[in-house]
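Q: After the structure tokens below, expect a handful of questions from me.
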Amino acid sequence: MSWFHRERAGINRTQIKKSRVPQGMWVKCPGCSATLLAKDLDANLNVCPTCGHHHRIGARRRLESLLDAATWQELDSGMTSVDFLQFKDSKSYQERIDSALSKGGSRDAVVCVEGSIEGTAVQVAVFDFSFMGGSMGSVVGEKITRAIERGVQKRQPVIIVSASGGARMQESILSLMQMAKTSAALAKLKDAGLPFISILTDPTTGGVTASFAMLGDINIAEPKALIGFAGPRVIEQTLRQKLPDGFQRAEYLLEHGMLDVIVPRTEMRAKLASILGILYRPAA
């Protein structure tokens, strides 16, 4: 008898096809490490149902969550940044613009619309952090200024939702000028007796914090949002001191009088409607 003769049939090794999980179907929460269905997270406005961690959210999805359905219209959507300084670091500014545009989202770091909240007409500007870190250049400053000026002209409240790394370094002094430009426009809104509501989300830093983001008649933040000028690591290295726990987080700023209220994203629309009902009376 041959040593290699098989007297019994071998194990059936029929290959079972492995099922492929679609990319992006699951999301791991950085707050509690829970694995969440992406569609469930989106349905809850990117707020973790387990721990309440506020994931970042796109500008248009945020607008859908805040404004009355089918009432808002985007304005100044064709404006795009130009590399007028021929700025180049590891790659040119124009390459960075083209890369951001290729993602197919916003044409710059802010989306400005006219819409309504519970029937109250408002001018709203929402930052898109996915576009060059929500940095403020000349286009962002101009779009925000125009939104504020429309508010003055039409006697409507202005709401700005910030999510930004600050002024756009590729535009040098012209980006810093937007801080004064937007703040001056808000002074006109104040003189007209119209409310400005500032919503600070994670992160709101740099020149955006140092200008319009902290000038609201009501300053609202999302839970645990990072809000500050320089980053905590830069401050620690400069001062050579350990910063307090929770420094630059929304809760710390509220405790020290820098904010009026912290509102979860899922409750933001109702809170805005309530505030507008108190601060604003439409012209008859």
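Backbone N, Cα and C define each Cβ position, glycine as well.
According to Swiss-Prot:
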- Cys29, Cys32, Cys48, Cys51: Zn(2+) binding site (BINDING)
- 25-284: domain 'CoA carboxyltransferase N-terminal' (DOMAIN)
- 29-51: zinc finger (ZN_FING)
Q: 10 Å Cβ neighbour count around Cys48 (Zn(2+) binding site)?
A: 19
Q: Specify the secondary structure state of Cys32 (Zn(2+) binding site) as given by DSSP, simplified to three classes.
A: coil
Q: I need to check the long-range neighbours of the zinc finger (29-51): which residues 6 or more away from its ends have a CB within less than 8 Å of a CB in the stretch?
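A: 57, 61, 65, 264-266.
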Q: Return the residues near Cys29 (Zn(2+) binding site) by Cβ distance under 8 Å, restricted to its own chain and a separation of at least 6 in sequence.
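A: Listed in sequence order, they are Thr35, Leu36, Cys48, Thr50, Cys51, His53, His55.
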Q: Taking only same-chain residues 6+ apart in sequence, whose CB is under 8 Å from that of Cys32 (Zn(2+) binding site), what do you get?
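A: Same-chain residues close to Cys32 (Zn(2+) binding site) (Cβ under 8 Å, separated by 6 or more) are Cys48, Thr50, Cys51, His53.
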Q: Other than Cys29, Cys32, Cys48, Cys51 themselves, what residues in this chain have Cβ atoms within 8 Å of the centroid of the Zn(2+) site's Cβ atoms?
A: Pro30, Gly31, Ser33, Ala34, Leu36, Pro49, Thr50, Gly52, His53
Q: For the zinc finger (29-51), what's the mean pLDDT in this predicted model?
A: 96
